[in-house]
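What TrEMBL lists as active site is B:Tyr267, B:His275, B:Lys306. Per TrEMBL, the feature domain 'TSEN34 N-terminal' maps to B:27-94. The annotation domain 'tRNA intron endonuclease catalytic' is assigned in TrEMBL to B:238-316.
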Amino acid sequence: MSELTKKTDEDVIEKPLPPNWILQHPMYQHLMNLDVGDSAQVHAAFLVYLDLAEVRQWKEVSGVGCSELRLVLLEGREKEGEPTQTVLPLPVHRGLCHRSVRSVLARGSPMLLCVVASDSSLVYQRMCDGLLTPDPPVCIQDQGRRQHRKRRQQH
Amino acid sequence: MDSPEPKRTVSREDASKESMAISRQVIGINFCGPTPLMWRADELKSARELGIIGTLVGSLARQPRQNTRLGRPLELLPEEGRLLADMGRAAVIPDSTNEDPEVNPEQVQQYHAGMENSFQEQGAMALEDRKTTLLRVMTAKHNGEGTSSLTYRHLCDTSESCVLALTPLCFLLEDSGSQEDSNGAVRDRLEALDHGFSFPRTAMAVQLCTARAGLSHCPEVRRLLATDWPIPRDERSETRFRVFRDLRRQGFYLTSAGKFGGDYLVYPGDPLRFHAYFIVVCISMDESMPLCDVLAIARLGSNVKKTVLLCSSGESQEDDGEEVVYTSLQWSGMV
């Protein structure tokens with residue numbers, strides 16, 4: 001799908017885009033035709049698609065419908081040869097329940113939640129099953145008196 | 001019935017029996033409203049060995065106006081108390097402060113009798129004290145030490161409230177009788193003291209016990225009370241408890257996570273020795289979380305190098321066998 005949207009520099013003819021260019025975009029129409037999510041969620045999914053495919057240059061980004069959750073999901077690979085990841089795109093005003101998260105995790109591939117704000121800014125949040133030990137803090141050496149000295153200087 | 005009292009002989013068998021008895025002791029929990037509290041130091045140790053950490057919330061008598069170091073009581077999370085009760089290791093001690101005094105007339109009578117005894121004893125001791133002072137004054141005077149002003153002040157200092165006893169003594173000090181008279185005078189004054197002395201009630205010292213006798217409840221009574229745990233029946237408390245129990249079963253130590261906006265902080269070992277690994281947020285499977293909140297707490301977690309865990313308890317209604325599911329929120333690295 002992403003190949004359709006890519007054009008080399010020579011091929012680009014600068015013509016002004018119609019205001020409803022999103023609606024005419026083949027990927028958008030594909031996502032709509034999946035007939036699962038509501039229009040707000042499809043719109044969010046499309047924006048995430050553009051970010052993954054155009055900006056982050058992910059490979060083989062495609063839209064899939066999840067009828068159980070009534071949501072559109074995206075799948076793709078970050079790089080050639082890497083395993084497929086699943087992205088759950090949601091507009092920020094929606095709520096999220098744990099059950100939906102577990103359903104997406106049950107698909108088996110690494111999961112990203114992507115929240116789309118009203119100004120189209122995107123935030124990605126990785127989710128995984130189980131207890132993931134965090135990275136240790138950078139400096140684990142005993143600071144000794146330094147901590148107290150700093151605090152005193154502030155007063 | 002096992003008595004948990006330590007034996008005084010120094011045999012090894014006894015010592016190990018004692019430690020076993022302490023480790024099997026039933027922990028007493030006092031409720032202050034809905035909050036479970038623990039007061040006894042040895043029980044705090046037993047609880048910690050079971051992985052129950054709690055929070056110290058009491059003011060220290062010698063360091064009152066600070067809260068970096070606090071003392072007993074140990075406040076427990078409702079889940080901590082409930083887990084102890086479920087394990088059969090804790091019992092609720094009934095609150096006796098609201099008891100009607102008429103209900104326990106024996107105790108009241110005992111108390112008044114004790115007070116009266118104390119009063120009589122103190123009165124007798126005060127009289128003896130007076131007599132000793134008087135004798136000392138007389139002998140000093142007899143030896144011509146000329147310390148009348150000092151002794152007068154001394155008399156005043158020894159008992160400010162014994163005014164009645166002071167009055168005849170004031171006149172006595174002005175007496176400049178001869179040596180042969182003095183012994184007779186002493187006897188007379190001692191007699192006068194015996195008759196005229198009275199110890200006022202307001203001068204009585206009353207002992208306030210700082211170690212409450214009621215804290216040493218006998219273990220048999222505690223076992224009887226063990227069924228008294230108030231179990232909340234709302235879903236959220238139930239979820240919190242199941243998550244707590246499951247994580248405790250896995251060997252983690254949990255404390256409350258007020259500072260981080262979650263439900264618990266999870267440590268791989270004793271909180272005094274480790275940083276927390278996880279911030280636990282307990283939710284039900286179908287509860288809808290606002291996405292802003294999810295992002296906010298995830299961001300906080302990555303800033304403080306802790307993983308945020310979304311925890312829900314599974315579907316089954318039985319106590320055992322229901323599964324707790326955990327979802328970790330991780331920094332995506334995609335800026």
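Every residue gets a Cβ built from N, Cα and C, even glycine.
Shown for the domain 'TSEN34 N-terminal' (B:27-94): DSSP residue counts in helix, strand and coil, namely 18 helix, 26 strand, 24 coil.
A 10 Å cutoff on Cβ-Cβ distances gives B:His275 (active site) a total of 15 other Cβ atoms nearby, all chains included. According to DSSP, the secondary structure content of the domain 'tRNA intron endonuclease catalytic' (B:238-316) in residues is 28 helix, 23 strand, 28 coil.
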